[in-house]
Amino acid sequence: MLKDRFIADIIASKESLVGGRVRVCGWAYRIRDLGRLKFILVRDRSGVIQATVKRGESPEDALRAAEDLKLESVVCVEGELRQAPTREGVEVKVERLEVLSTPVEPLPLEVEGSEKASLPTRLKYRWLDIRNPMVSAIFELEAMVAKVFRDYYWSQGFVEIFTPKIVAAGTESGAEVFPVVYFDKTAFLAQSPQFYKQFAVIAGLERVFEIGPVFRAEPHHTSRHLNEYHSLDIEVGFIESYNDVMNYVEGFMRAIVRMLEEDGRRVLELYGVELPRIPASGIPKIPLRKAYEILEEKYGKKVEYGEDLDSEGERLMGAYAGEELDSDFVFIVEYPWKVRPFYTMRKDDEPSWTYSFDLLYRGLEIVTGGQREHRYHRLLENLRDKGLDAESFQFYLDFFKHGAPPHGGAGMGLERIVMQTLKLENIREARMLPRDTERITP
């Protein structure tokens with residue numbers, strides 16, 4: 001390996017390394033030429049360190065390599081680690097400078113300060129944008145959230161599954177699916193692993209989770225939607241009610257907050273955002289019908305009875321939770337049947353309403369879930385009431401013919417969780433290579 005440690009590792013161990021020889025590999029982030037002395041800031045994924053090349057001290061080959069060095073050249077430097085009046089408290093006195101690669105044309109996007117450029121430009125030259133430590137921190141956090149998800153649900157007795165992404169039918173009517181060429185059959189990209197999460201529970205795995213891509217053919221042009229994103233999904237059998245599912249979702253949110261407190265402080269400080277708040281008593285739950293009243297009485301916003309919340313309604317309910325309940329999270333529960341999928345369990349005493357929920361995080365829906373209908377005959381009724389053809393979903397209905405436990409689950413948007421944690425303006429910032437109605441490259 002050309003590189004055996006990150007810059008952050010060197011800085012963390014600087015007391016024991018000062019006076020010794022170190023090797024640093026990364027990109028030339030800044031170059032300052034003072035004639036006889038040249039300062040090169042070398043950046044890698046973990047941080048930045050200063051390297052100094054000085055005439056009369058550094059070897060001639062190092063001086064020659066430094067002479068024509070360009071920004072964003074890939075370099076390896078070797079030399080003595082010594083104390084210096086830098087932010088890191090150390091620098092590398094260069095004894096060897098190796099240029100592994102150099103730009104062949106002017107940079108179309110300056111790495112330093114790239115977050116201030118227009119978003120289309122940043123996404124067009126994403127490989128340069130992500131070199132900016134401010135931007136790469138987003139994806140470090142995203143990886144940390146995914147790891148917390150996996151670790152938390154493993155600890156709760158869940159099994160990780162890997163479901164098909166080429167499917168025979170959408171989870172709904174098929175209006176929001178991407179068709180794909182699949183030999184002589186009709187097929188689509190999966191909107192959700194919903195059917196196969198339920199399959200796994202019914203097949204006896206009982207508690208399952210998945211991290212995977214989902215695809216939505218919705219012609220949105222908003223700062224909150226993507227046509228491809230990563231979904232964090234759970235499904236759990238033998239529940240008493242949908243409250244059991246919400247408890248598992250809340251457990252994951254608390255695990256995220258612990259991670260941020262212990263390992264994510266650097267990223268939060270980089271973005272100047274505070275730790276998310278969850279009351280000790282639990283994430284508050286507000287029935288949607290109560291939310292209608294709150295929105296009208298407190299904010300003068302009227303929502304038609306039986307309708308879903310729009311983005312403004314979600315934002316205002318998030319503000320209400322923050323101001324009145326001291327929580328950055330709030331569950332909105334009992335959604336109308338007409339705005340929920342056919343597999344959602346309806347209330348026996350109020351069939352126009354369902355055992356379902358959304359979780360809002362700082363005013364944006366990041367989780368949708370609920371209890372599923374596990375009774376075969378009720379599923380047939382639900383399909384009929386939705387005006388859907390049962391024959392198109394027969395492969396799914398077959399799962400329920402031989403004993404299905406009461407179960408429920410949730411789908412969580414990874415990018416939305418990161419977006420709300422860092423208070424990003426656009427969800428595309430939280431996706432390494434976003435796909436939307438206008439973008440399919442890079």
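Backbone N, Cα and C atoms are what each Cβ position is placed from, and that goes for glycine too.
Glu365 is the residue from Glu269, Glu365, Glu373 that Swiss-Prot records in the ATP site together with Arg216, Ala217, Glu218, Arg224, His225, Leu226, Gly413, Leu414, Glu415, Arg416. Of the listed segments 182-185, 194-197, 334-337, 390-393, Swiss-Prot assigns region 'Aspartate' to 194-197.
Using a 10 Å Cβ-Cβ cutoff, Glu218 (ATP binding site) registers 14 neighbours. Taking the recorded positions Pro85, Arg216 in turn, the residue surrounded by the fewest other Cβ atoms inside 10 Å of its Cβ turns out to be Pro85. Here the C-alpha separation of Pro85 (site 'Important for tRNA non-discrimination') and Arg372 (L-aspartate binding site) works out to 62 Å. Comparing CA positions across the binding-site residues Arg216, Thr368, Arg372, the one lying closest to Arg416 (ATP binding site) turns out to be Thr368. Summary for the binding-site residues His225, Arg372, Arg416: the Cβ-based neighbour count within 10 Å is maximal at Arg372. Annotation for Glu365 (ATP binding site): spatial neighbours Glu314, Asp358, Leu359, Arg416, criterion Cβ-Cβ under 8 Å with sequence separation of six or more.
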